[in-house]
Amino acid sequence: MAQQGQGSMDPAALDDIIRRLLDYRNPKPGTKQAMLNESEIRQLCIVSREIFLQQPNLLELEAPIKICGDIHGQYSDLLRLFEYGGFPPTANYLFLGDYVDRGKQSLETICLLLAYKIKYPENFFLLRGNHECASINRIYGFYDECKRRFSVRLWKVFTDSFNCLPVAAVIDDKILCMHGGLSPDLTNVEQIKNIKRPTDVPDSGLLCDLLWSDPSKDVKGWGMNDRGVSYTFGPDKVAEFLIKNDMDLICRAHQVVEDGYEFFADRQLVTIFSAPNYCGEFDNAGAMMSVDESLMCSFQILKPADRKPRFL
């Protein structure tokens, strides 16, 4: 039998990992270990990293495709998205980053996504979010979850994979997708191809902005960002970029929006956020955007759970 190299995975073993992940919907209280062992998770990281590097940093994709925003470890909501849209490979998917941190099940979330990436490399796509970065997920929960359930060593293996994620995608030359937004350093989409990987996310510059910037209706041109990182950009910058690059729409995530999706700049930009009841603190819906062959966009909504009254 052929030896499985670092860049491949036994198909039966991969299918078994996916089966266990789909079985493991709600862990019992006090369950320490996930349904996977550390060496299996490490293998998911190593093999997916190879695939990310084999594919371009600016993905060129075709419709029809379904696009999802932030998940943030809300594993049961990720499974709801697949129930709505169809489990891979019945539909093609693009995720816009922020798979880990804040939610309770970052490990299940990222493991299922990496497993699907390995199984369906030409039908399932993952972009990098600002939380797929060691300095951020060290603080906001993923490091602690890895350490508590497995080891710090495993967190470092995830970091190696995250440092190779692509940062943007273009759908049929007309829809530009990224996690955060535009950059004053970005005039031509082709520039994204020049970002070298593996790389950490720097504190400023093109890669930082693609993962961190936000649209703002109150700004003309470029403005300060309340996050303390990157910029905000006005509707004028969206229109200018689309005209210059002969595109129709910018699709991004990165911000909680009440209905799960929200248009900006005369529907030239859309924000998609896919974690309903974000952190248990918001009453937002989650959404998934379906792009059909003619590039018509429609939305599937995950309604927030009904809040239980605290006092009767």
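Including glycine, each Cβ sits where the backbone N, Cα and C put it.
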Task: Matching residue for the Mn(2+) 2 site, where Swiss-Prot names D98, H179, H254 - out of N130, N137, N225, N284 - done: N130
- [ ] Measure the Cβ-based neighbour count of D98 (Mn(2+) 1 binding site), defined as the other Cβ atoms within 10 Å of its Cβ.
- [x] 28
Open item on the list: Below 8 Å Cβ to Cβ and six or more residues apart, same chain only. Which residues does that give for N130 (Mn(2+) 2 binding site)?
Closed with: G97, D98, I136, H179, G180, V201, L211, W212, V229, H254
- [ ] Using Cβ-Cβ distances, find the residues under 8 Å from H72 (Mn(2+) 1 binding site) that belong to the same chain and are at least 6 apart in sequence, listing them in sequence order.
- [x] D98, Y99, V100, D101, R102, G103, S106, H131, A275, Y278, C279
Open item on the list: Using the Cβ center of D70, H72, D98 as the Mn(2+) 1 site position, which other residues in that chain lie within 8 Å, going by their Cβ?
Closed with: G69, I71, G73, G97, Y99, V100, D101, R102, G103, G129, H131, A253, F273, S274, A275
